[in-house]
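Written out below as structure tokens is the structure these notes cover.
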4 protein chains.
Amino acid sequence: MAIILGDNRYGKAENRIVRIFRDESRHEIRDLNVSTALRGDFAAAHLVGDQSNVLPTDTQKQTAYAFAKQKPLGTIESYGLDLARHFVDDVPPVTGARVEIEEYAWERVRVGGVEADHTWVRRGQEVRTASITVEGSGDDRRTWVTGGLKDLVILKSTGSEFHGFLVDRYTVLQPTTDRIMATSLVAKWRFAHAEVDWDAAYAGIRRILVEQYATVQSLALQQTLYEMGRAVLEAYDEVVEVRLSAPNKHHFLYDLSPFGIENPGEVFHADDRPYGLIQASVLRDDAPDPGPAWDAYTGLV
Amino acid sequence: MAIILGDNRYGKAENRIVRIFRDESRHEIRDLNVSTALRGDFAAAHLVGDQSNVLPTDTQKQTAYAFAKQKPLGTIESYGLDLARHFVDDVPPVTGARVEIEEYAWERVRVGGVEADHTWVRRGQEVRTASITVEGSGDDRRTWVTGGLKDLVILKSTGSEFHGFLVDRYTVLQPTTDRIMATSLVAKWRFAHAEVDWDAAYAGIRRILVEQYATVQSLALQQTLYEMGRAVLEAYDEVVEVRLSAPNKHHFLYDLSPFGIENPGEVFHADDRPYGLIQASVLRDDAPDPGPAWDAYTGLV
Amino acid sequence: MAIILGDNRYGKAENRIVRIFRDESRHEIRDLNVSTALRGDFAAAHLVGDQSNVLPTDTQKQTAYAFAKQKPLGTIESYGLDLARHFVDDVPPVTGARVEIEEYAWERVRVGGVEADHTWVRRGQEVRTASITVEGSGDDRRTWVTGGLKDLVILKSTGSEFHGFLVDRYTVLQPTTDRIMATSLVAKWRFAHAEVDWDAAYAGIRRILVEQYATVQSLALQQTLYEMGRAVLEAYDEVVEVRLSAPNKHHFLYDLSPFGIENPGEVFHADDRPYGLIQASVLRDDAPDPGPAWDAYTGLV
Amino acid sequence: MAIILGDNRYGKAENRIVRIFRDESRHEIRDLNVSTALRGDFAAAHLVGDQSNVLPTDTQKQTAYAFAKQKPLGTIESYGLDLARHFVDDVPPVTGARVEIEEYAWERVRVGGVEADHTWVRRGQEVRTASITVEGSGDDRRTWVTGGLKDLVILKSTGSEFHGFLVDRYTVLQPTTDRIMATSLVAKWRFAHAEVDWDAAYAGIRRILVEQYATVQSLALQQTLYEMGRAVLEAYDEVVEVRLSAPNKHHFLYDLSPFGIENPGEVFHADDRPYGLIQASVLRDDAPDPGPAWDAYTGLV
């Protein structure tokens, strides 16, 4: 009954890389949070402290910043693919690389009604996310890409019901046919391959998620999530699975009756905790095995 | 040499009030974080635990929610005035009230290119703020209103210099004629009176702040802030003072020279801490004394 | 090529339950953050909005608070087992339950050198964690329990080296034989069964983790983590696997040479981001399959 | 009616300085968050972008790190005094300096029951704070020092009442003679002069605050705060004023009656928002004018 080293990886998390494109008088900006992790034969580092196979996390950082200049950096997915392939292909002990990226959106400010060339404010709350996992070389090369978003805070003031639920001895909740439904959505979608127009896919999927949230008459957050995932899969052949995690951010109708005031769905208390938390996957029945696609490196707290 | 009770106040902080207006088929939403604080003769509560003059913080909360329905709630400034005046006028021991409000902006989602009637996503990062202070009754009534914003994350990729500064034995900084300048702006403006078109003032002042940030060729963040405040005061007669607090969110040019890569203002590291922090007030030379206008109740951490 | 519902679960996250035991004049306190999630046949809720199989998340909340009184609540592991078993055994559509708990530690204050009976301050930064997963009934019943801790901020000012690492064209890091090593540890350990003295195991495992961190001459954080896991497994037969995730919280020696000041390991800058992030599992070679033990419900951001 | 520059200052905030003392085999650690701000004749920087009077914030940072080695750094108060005096005395345009410091406490881990020489874990949640303000030179030199703490999370499970309060039409709160009282205390104390045993004062004042919280039979949080401040002033001649800001972190008794379960003060829900917020100053009637002592530079969000 021996004690052994199990699964392991290491890298540099949260490199805050800002890339300005200034070839034209009108600058462009990309604002990234890049994390890299490597797998490979690192047993000696763990067992006897031998670093000869270990590319320092500092080097991973340097590489991430260097690639922000050396590579096109058109999208976070393409940049992540460049970075992950480099580690697997160019660093001998590395057999697999995972790159996770968050992108913060900026919008140009307007001056006298005209978009400024060099000045932006942060746009929205939501963060675009991607993960790229590359394993093996040559014929054994395998690649998984997921896109996603998080912190998309969305609310509908009607069109949400919740009734007909199971009742047990601890159930005091009253059914409702009209409530606020709000969430801070985390959505991730898994691509079938890496030949994708990443920006177009992101924009289109985000639009579908939001439209479904707005238009589905919700009988439960579960149903809304399913319809969101389903619609994405119907629209994008290159997506094989959508995973959704949605806190039900409760807005409780405030009881104004002690003051003789009616409150027909107008004044709410937005509560912090606890919150419902619904998680679901929607996928094609012939979706390939996800492998390590969903195996998050950062973000666990 | 006696020990005495000094300045004191108490209230309920961070009431998360969401108000839906649903008289029309197209709903409206206001999403507020409301804090109230009362001053008055509360010495007995402190000295001997006698609560007979103390309106509970719970009551302040109930009142804030009730007023969200009973009062027009057109703007946070007008709602705050209603609430503060109520406490001073209707609760005998109360001689002064402070209401501080944050408002979170939402924007309608689009479905098929058309704005939805009942669904929104959180807009931007910035938060609109206001404080209302009311003291005294009848002829002694005095009122102070400040508007503001916070968390306005803004960045310019050129048009910022910093050179010609004082050098001492601890100075290693190199002068620059072109850098990124970024901040997360906190701005507050003090009104001369309470007869203001609050929403118009907010929109106009925000626009001026952003335009000045974008267009002033900056020789220092200090200069930019001054020009922002000055322009607001020139445009709005009803504003007598602007206070600005701006972290200089450093974006350091990344050194790629060890890899033989030139980096002419393209790849930056966005650092977290430390950060420069510039604070300035710009005001009219005949501005009235601010009294308690700037005496923040919440927000200190 | 149909679209189908994949893995799904739902529950109530972050119930902030505080339990006071006041049978004796000397009170006891347990301060918990409880999340529950259910699996089962909830396809109808997703596909057609039929809630007849859905026990509301509100009911899960009520149950968690009720059990805080009805059950002994001796440890978070035993309380979580009671709760998870109840959902699987007493709610027909539920086939599996996951309970995740954080516990915040308090220590009694001293008054005149003597421990107070009713007053505490929060102790330390670290949080004790546990997850309980129960699936199936009768002979098919399976149970997985993990214990853990997070946010254990630990630092050693010497006894840490890093050299002999792999060098590529992006490597600029200099080797060192003496550095600060600091982390904010997340550790989780998987139990072989549920017949454990939970409090004793927690205290003992925490002690071992800390002692190993302090005493192992570290050639890399990887090595330190391995030695921590190994020592736990050697001491506790009932533990079959230890998972560790450790940010390398960099403390950079500050360059004071421009000022003619030597700095032999005395003044450091504690940097925020990026940080190294090392993750490893240490386990018995005959450890049973983890099943859903590591499949976290909450905590992803 | 001209527009003028009002009050202004600038500096470097949140320098995360860690100082290791390694002259003995048993190391010592001080872990600081240091912010500095300067006042003086900086009008030209604001009005015309002339930096010739402006010592860069980067220089302030370098100085803070250099002083961590050059100066004794016995306490945060003495270190802050050294730093503030340097800026005023050695940088000609500077007429006033403010230094604000947070200190994070560490405690030695034990190995085999014995304290380790080089390894610590973060102790507690609370943060020690200090502010040092120095203005003028020579005979005009004035100095203000405040000490303090924040984030001291303290709870008592009995010995707290709240009744006999003012009732108006919005009052629904029920009086109670036994409740949980919990807060996350912010306390600051102003010293009469700068000839103080800073560490002894901190330890003693913290002890008094905690003991008063524990032992005063509380009729309101107001009363508890007053008794805390009063006791500090009675014990420490060198303290002239104590300011306290205390959120009333509500613990609501959970209603278990729908389930036929009695709950006599045993199961509570710890709510996040809103919270009561009580602020009070306790001072000597002959306390000198506070001047800029309370004029916080950082910490406003």
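Quick reminder: no glycine exception, Cβ is built from N, Cα and C everywhere.
Residues or ranges marked as active site, charge relay system in TrEMBL: D:LYS12, D:THR57, D:HIS250. Feature annotation from TrEMBL assigns 5-hydroxyisourate binding site to D:THR57, D:PHE162, D:ARG179, D:GLN222, D:ASN248. Residues or ranges marked as urate binding site in TrEMBL: D:THR57, D:ASP58, D:PHE162, D:ARG179, D:GLN222, D:ASN248. What TrEMBL lists as O2 binding site is D:THR57, D:ASN248.
In this entry, D:THR57, D:PHE162, D:GLN222 stand out among the recorded positions D:THR57, D:PHE162, D:ARG179, D:GLN222 as having a C-beta under 8 A from a C-beta of chain B. Distances between the Cα of D:LYS12 (active site, charge relay system) and those of the recorded positions D:THR57, D:ASP58, D:ASN248 are shortest for D:THR57.
Closest to D:PHE162 (5-hydroxyisourate binding site) by Cα-Cα distance, out of the recorded positions D:THR57, D:ASP58, D:HIS250, is D:HIS250. D:HIS250 (active site, charge relay system) sits 43 Å from D:ASP58 (urate binding site), counting Cα to Cα.
Take the CB of D:LYS12 (active site, charge relay system) and look out to 10 A: across all protein chains shown you find 26 other CB atoms.
Per Cα geometry, D:ASN248 is the residue among the binding-site residues D:ARG179, D:GLN222, D:ASN248 nearest to D:THR57 (active site, charge relay system).
Spatially, by CA atoms, the binding-site residues D:ARG179, D:GLN222, D:ASN248 include one closest to D:ASP58 (urate binding site), and that is D:ASN248.
Sequence-distant contacts of D:GLN222 (5-hydroxyisourate binding site), defined as residues of its own chain at least six apart whose C-beta falls under 8 angstroms from its C-beta, comprise D:ILE278, D:ALA280. A coil conformation is recorded for D:HIS250 (active site, charge relay system) in the three-state DSSP classification, outside any helix or strand. Of all residue pairs in the urate-binding list (D:THR57, D:ASP58, D:PHE162, D:ARG179, D:GLN222, D:ASN248), the one with the greatest Cα separation is 51 Å apart.
Neighbour counts were taken as the number of other C-beta atoms within 10 angstroms of each residue's C-beta; across the recorded positions D:THR57, D:ASN248, the minimum falls on D:ASN248. DSSP assigns D:ARG179 (5-hydroxyisourate binding site) to coil, not to a helix or a strand. Long-range C-beta contacts of D:ARG179 (5-hydroxyisourate binding site), restricted to its own chain and to partners at least six residues apart, with a cutoff below 8 Å, comprise D:SER160, D:GLU161, D:PHE162, D:HIS251, D:LEU253. Residue environment of D:ASP58 (urate binding site) contains 20 other Cβ atoms, counted within 10 Å of its Cβ in all protein chains.
In this view, D:HIS250 (active site, charge relay system) is surrounded by 21 other Cβ atoms within 10 Å of its Cβ, with every protein chain counted.
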